[in-house]
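Participant: Sharing a structure below in structure tokens format, with a few things to ask.
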Amino acid sequence: MRLGMGKQAKWQLAAQQVTPESVFRQRRRIVQALGLSAIGASVPMGVQAGLLDWFGEPQRAAETTPLPYSGSHRFGIEDPLTPEQKVISHNNFYEFGTAKTDPQQHAQELSTEPWHIEISGEVARPGRYSVAQLLAQFPLEERIYRMRCVEAWSMVIPWLGFPLSQLLETAQPSSRASHVAFETLYDPKQMRGQRARGIGGGIDFPYVEGLTLAEAMHPLTLLSLGLYGKTLPPQNGAPIRLVVPWKYGFKSIKSIVRIRVTAEQPPTTWNQLAAHEYGFYANVNPAVDHPRWSQASERRIGEGGLLSAKRIATEPFNGYGEFVEDLYRDLDLARHF
Ligand SMILES: Nc1nc2c(c(=O)[nH]1)N[C@H]1C(S)=C(S)[C@@H](COP(=O)(O)O)O[C@H]1N2
Ligand SMILES: [Mo]
């Protein structure tokens, strides 16, 4: 394991000092101490999976390097940060599998250099940018955002990035432009979830997402290249991903290779998979439940992970209403969920 910072975090050192076997024994002890048999029938599957998530240690970690940035902005969010170790070990990234620990386990060798983003469609200046070009052209800042997954868990994450609007302004959307479409890398050789539908949760890859042009131009909408002061770990969507903090997490598409400005609403992955469960807008809304669970509250992941996570009330627009509600003045949010 090589790490760019020359200094290793405590949990990484700890991970090196234990053999896989002792990790397994320790996991079994903790499961027993909690009064659960390893595959206890009394514990719902989701809880079991969540439990085991936190005892898995990474086999190896991709190199992340410090990124220069200036300024840190909280947008009224005063909640404590979710510990870095949780942010990088509890992930949804179906290209690498559907379990929360799959991305950390299977994304480490994702090749992110060289990496280009193509901007095309309804723009006066289409282009192809390397990550290095983006970093040179758009200064990074820190944005501390809540991240609310549609599955009713949440985190508070310090992202590094720049507003998507800056890149779009450079590309100059035409008068016909109404939406922006995003696409994740398609590379079944590297992404095991793309090799078999069973592993990738039935998604028809590449993963695609979309926003209205107004949402894409909103100052809170971020293209992120890092978190906790360093480049993004692969499991979090390296080298560049979207972050839209007032929407459910699935809108924040990872490892982007293409951005297309369009004249109509583009198809989006989760909406295509189950339109009655996942709308195009996907604004965080405690008043509109998912057909299979309540969206009124969420489990905020902290030190203890998912099991001891506190249940808190979910806020409209994930707490960003004062900044974004004007976008939806004329929209029935129960119908356009
Ligand atoms: N390409 C791609 N992007 C994705 C996903 C995915 O499976 N594939 N999962 C989404 C979901 S459901 C969530 S909650 C967030 C999770 O981001 P994080 O793992 O960095 O916290 O990424 C989103 N972006
Ligand atoms: Mo999610």
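A Cβ is built for glycine as well, from the same backbone N, Cα and C atoms used for every other residue.
TrEMBL: automatically predicted annotations, no manual curation.
Owing to the predicted nature of the structure, the values given are computational and were not obtained by experimental measurement.
Reproduced below are the annotations present in TrEMBL:
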- Asn91, Tyr94, Glu95, Cys149, Thr184, Asn236, Arg241, Ser252, Ile253, Lys254: Mo-molybdopterin binding site (BINDING)
- 110-270: domain 'Oxidoreductase molybdopterin-binding' (DOMAIN)
Participant: Where does Glu95 (Mo-molybdopterin binding site) sit in the DSSP three-state scheme?
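Facilitator: DSSP call for Glu95 (Mo-molybdopterin binding site): helix.
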Participant: Express in Å, rounded to the nearest integer, the largest CA to CA distance found among the Mo-molybdopterin-binding residues Asn91, Tyr94, Glu95, Cys149, Thr184, Asn236, Arg241, Ser252, Ile253, Lys254 named in the record.
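Facilitator: If we measure all Cα pairs in Asn91, Tyr94, Glu95, Cys149, Thr184, Asn236, Arg241, Ser252, Ile253, Lys254, the largest is 19 Å.
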Participant: Just to be sure I understand the packing, how many Cβ atoms besides its own are within 10 Å of the Cβ of Thr184 (Mo-molybdopterin binding site)?
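Facilitator: The Cβ of Thr184 (Mo-molybdopterin binding site) has 25 Cβ neighbours within 10 Å.
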Participant: If you draw a 10 Å sphere around the Cβ of Arg241 (Mo-molybdopterin binding site), how many other Cβ atoms fall inside it, taking every protein chain shown into account?
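Facilitator: Taking every protein chain into account, the count is 23.
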Participant: By a 10 A CB contact count over all chains shown, which of the binding-site residues listed here is most packed: Asn91, Glu95, Ile253?
Facilitator: Glu95
Participant: Any idea what the model's mean pLDDT is for the domain 'Oxidoreductase molybdopterin-binding' (110-270)?
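Facilitator: Reported value for the domain 'Oxidoreductase molybdopterin-binding' (110-270) is a mean pLDDT of 98.
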Participant: Reduced to three states, what secondary structure does DSSP give Ile253 (Mo-molybdopterin binding site)?
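Facilitator: Its secondary structure by DSSP: coil.
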